[in-house]
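K.L.:
Before I ask anything, here is the structure I am working with.
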């Protein structure tokens, strides 16, 4: 096995997560000392961060731990009896099979039609991040229909259903603006709120058939 | 005092406004519960910020109704398509789906509806009867005990959910740690904000709940296609299904008691209780049971246990602020968000709200029976929804809801960040319930931790002093026993087997 392959095998999502926990907890331990927090603001975060740090370190190094400590760190325990565990495992296995089947059968997307394969979960997260950034910059009211339409089109949902959903999503955001007084028509960078009355007028005109 | 509070609660719970929220919550719960991947915690998390304009009692009744409705709704997809809508309905798939395949889908759905509603109804009565005892217990607790209870809750969750104890403890401690971001509780000192004004109020626990339950679940769902791949045929008889419940009264009552008992244990939820009820029924019916092949008792047992678990789980949640499951963690979030304090206040000055909640639960189960039995012919429609239609709507509602909490973009960012974290935590067997419990209970635990130290003059022995603080001492012992017990037991078993 080459060094690259061995490194790839060692860098698992769980290990990345544990290293993140380690760094984060180290910050929570050191920052109160550097910034000179008073005792009542310092002790509790430092205690909890120490627990995270020690626990994450043990989990990261579990393969190198001596017998009893390894058992404590790595072994799965449960107070539920063996009979139930079997039943739980059986149901869990069925769910795993379902997940496995879903992962094998990739979804039919607009990308796959043109030869671009994008992992569904990655696509979902990326578009959600884009939606967040665009909503922050230009206001959710204007970005929501584009996001929903784009998402449903990518997964080749019936365009009429996609349009209906986009309209429903926009109405939900408009209700937030009207009843909860949320400034979803204003972005932090672009302010399109002066367009809202014109848009409402033209929508109602369109619904009345242009009469 | 208790009688006055009960009557006051009765008036509130039966007012038209509360009945409306109860009905809305139940219907929402049944629909959300029937959608695999959505379920009660996701639905409750999305709805939580939308309850901000509501009065506290109405908001809590709405959330409990969603929880209760989802318990029943989860069984619809479990029975029809072998995919439980909620984790607690997983045990129902074992015999519910074979019943569907045997042409008895309507029977199985009617059994689930009747068992769930009937026992939920009985459990709500039991809860009202038990409440005077609860009041006495709750009033005996002080600051050290409340701090230790938070630790006990996380410890219990780590051993109830299967997996490594250390992973559970890391998850819980991480939740506590994240909860300390923002202005300190006891001194006006911003912590871990790094000059970002938006972090001064910390990460809202409701945003964390939305991220951990709604966003993380959507990430998982993104890889799934239409919820149901199979054509669902609704055959059988509703009437015969209802009658089956009365053929097995012992199974129904025994499972209900198991559900309520397990629900009362902090840290355990309906997933545990339904499997225990199923396993117990399978054990006690070895002679004539055909479990796994469509035995109706295999549907009665988990379904008769699930709604009493809701009633049971309200005991630790309302009295000590220790939720037993994802749904009760969200419910606790709602209670705190609306300015209510679990513990002495909810069982003292605000006892009328607690009673209103119990009475709503009782009325809710009557409604479940009526709504559930009416919905059976249309049940399969819910399972035909495309996940690509659900996901963008949930994302829109999650982001808008998170922003509404404090009009803070950091909360929306937290939904995404914690959602991704939650997704990987679940994949690697870290308890997200322990994490969420840490975030929700963090401020309460920190406050009680410092109050305890102020009482003792900085001595940590206040948590383990058997003479002055016997209750704290017992709780500390319980935590140790819970965390070390399984290993001591395992080692003892290995020693016996090797000798």
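Glycine too: its Cβ is placed from the backbone N, Cα and C atoms.
All annotation found in TrEMBL is predicted automatically rather than curated by experts.
This is the feature table in TrEMBL:
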- B:19-437: domain 'DUF112' (DOMAIN)
- B:20-48: transmembrane segment (TRANSMEM)
- B:60-81: transmembrane segment (TRANSMEM)
- B:108-130: transmembrane segment (TRANSMEM)
- B:137-159: transmembrane segment (TRANSMEM)
- B:165-186: transmembrane segment (TRANSMEM)
- B:198-216: transmembrane segment (TRANSMEM)
- B:353-378: transmembrane segment (TRANSMEM)
- B:385-403: transmembrane segment (TRANSMEM)
- B:409-426: transmembrane segment (TRANSMEM)
- B:433-450: transmembrane segment (TRANSMEM)
- B:470-488: transmembrane segment (TRANSMEM)
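Help me picture where these features are in the structure shown.
P.N.:
Per-residue pLDDT, averaged along the domain 'DUF112' (B:19-437), amounts to 83 for this model.
Residues of the same chain lying 6 or more positions beyond the ends of the transmembrane segment (B:20-48) and with a Cβ under 8 Å from any Cβ of it are 54, 58, 61-74, 76-77, 81, 83-87, 89, 206, 209-210, 212-214, 217-218, 220-221, 224, 227, 325-327, 329-331, 333-334, 337, 360, 363-364, 367-368, 371-372, 375, 379, 382-383, 385, 387, 390, 394, 397-398, 401.
Distant neighbours of the transmembrane segment (B:137-159): 165, 167-169, 171-172, 265-268, 316, 319-323, 343-344, 347-348, 431, 433-434, 437-438, 441, 444-445, 448-449, 451-452, 455, 462-463, 469, 471-472, 475-476, 478-479, 482-483, 486; these residues of the same chain sit at least 6 beyond its ends, with a Cβ under 8 Å from one of its Cβ atoms.
Under 8 Å from some Cβ of the transmembrane segment (B:409-426) lie the Cβ atoms of residues 171, 196, 198-199, 203-204, 207-208, 210-216, 218-220, 398-399, 402-403, 432, 435, all in the same chain and six or more residues away from its ends.
Taking Cβ pairs closer than 8 Å, the transmembrane segment (B:433-450) reaches residues 143-144, 146-147, 150-151, 153-154, 157-158, 161, 168-169, 171-180, 185-186, 203, 205, 208-209, 212-213, 321-323, 325-326, 329, 332-333, 336, 422, 425 in its own chain, all 6 or more past its ends.
Outside the transmembrane segment (B:470-488), and at least 6 residues removed from its termini, the chain residues within Cβ reach (under 8 Å) are 140-141, 144-145, 148-149, 151-152, 155-156, 158-159, 165, 169, 462-464.
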K.L.:
Pairs of Cβ atoms less than 8 Å apart decide it: which stretch in B:60-81, B:198-216, B:385-403 has the most with the transmembrane segment (B:353-378)?
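P.N.:
Per the Cβ count, the answer is B:60-81.
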